[in-house]
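Structure first, then comments.
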Amino acid sequence: MGIEVISILVGGGNNYMHLFYDDDAAFCVDASNPRILLKALGINFKKSIYDEKEIFSMGEDRKKRRELVYLFTTHKHLDHSAGIRCISEESPNTKTISGFSGDICKSGDKFRFKDVEIECFHTPCHTVDSFCFYVGEKYLATGDTLLFLGCGKFFGGTPGQMIKNIEEIKKRVNHDAVLLYGHDYSEQNIRFTEEFYHVPEEIKKKKFLKLAEEIKYNPFFNLKKVSIEGSEEEVMGKLRERKNKFSKE
């Protein structure tokens, strides 16, 4: 796959925007801050993770600004979708793709960026319009469906839907694919996971995990290991409730 990806922390430091790019073109997942995105199109990157202050301070070559081919949005919450209108106005040739605005996608839809295929997975639960985007069989941009050793709150769905989402992802996604999350909640989620079992130091040092690592260590993938009684759906629901309370502590 002849493209690179950077992740930009915006919105106070825990929202991720993901920009896939080569020398002359790019596509983005979740334009949380469209001004940062537009500036990033003209920057030569030296690492894989930046915060928005770093992007603001970097030099930009407007003559070599990359063409923004697609803007994919994982769900309608404004901390992920706020940039759609601005990008549509500033970059009218950009194709905006989501489950709720612009070009409405459905599960199984595929788009091409150069020689890279991007497949849409409908993953309703956090919201009814939640999608993950599978990029070149190497990355899965998950929005708030899956997070580092966690998953999103069930605002628009049921525990059964999250179980189904996880099983579909396990079945359809390369287990060596890297998950690109919608937020950096890694520290909190590590602490929560260690209420049930130990998380190795090499996992704690990472910001993004492979699917195989999530399968092994994410408690929402391991419902039989969390010492909660009930059916599979009941355990998923109780685990999510316990995580909600943990987040407020």
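Backbone N, Cα and C define each Cβ position, glycine as well.
Marked as Zn(2+) 1 binding site by Swiss-Prot: His75, His77, His126, Asp144. The secondary structure of His75 (Zn(2+) 1 binding site), as reduced to three states from DSSP, is coil rather than helix or strand. Note: His75 (Zn(2+) 1 binding site) has non-local neighbours Ser81, Ser98, Gly99, Phe100, His126, Thr127, Asp129, Ser130, Phe131, Gly143, Asp144, i.e. same-chain residues 6+ apart with C-beta under 8 A of its own C-beta.
Among the features that Swiss-Prot reports, Zn(2+) 2 binding site is placed at Asp79, His80, Asp144, His183, with the record citing similarity to another entry. Classification of His183 (Zn(2+) 2 binding site) by DSSP places it within a strand.
Under the heading substrate binding site, Swiss-Prot lists His183, Asp184, Tyr185, Arg240, Glu241, Arg242, Lys243, citing similarity to another entry as support. When Cβ atoms from all protein chains are considered, those within 10 Å of Tyr185 (substrate binding site) total 18, not counting its own.
A distance of 21 Å separates the Cα atom of Arg240 (substrate binding site) from that of Asp79 (Zn(2+) 2 binding site).
Cβ environment of His80 (Zn(2+) 2 binding site): Asn15, Asp30, Ser32, Thr73, Thr74, Gly143, Asp144, Gly182 lie under 8 Å away, each six or more residues apart in the same chain. Residues Asn15, Tyr16, Asp30, Ser32, Thr74, His75, His77, Gly143, Gly152, Gly182 surround the recorded Zn(2+) 2 site, their Cβ atoms falling within 8 Å of the Cβ centroid of Asp79, His80, Asp144, His183, which are themselves excluded. In the structure as shown, the Cβ atom of Glu241 (substrate binding site) sits within 10 Å of 14 other Cβ atoms. Annotated pair Asp79 (Zn(2+) 2 binding site) and Glu241 (substrate binding site), C-alpha to C-alpha distance, rounded: 23 Å. Among the binding-site residues listed (His77, Glu241, Arg242, Lys243), His77 has its Cα nearest to the Cα of His183 (Zn(2+) 2 binding site).
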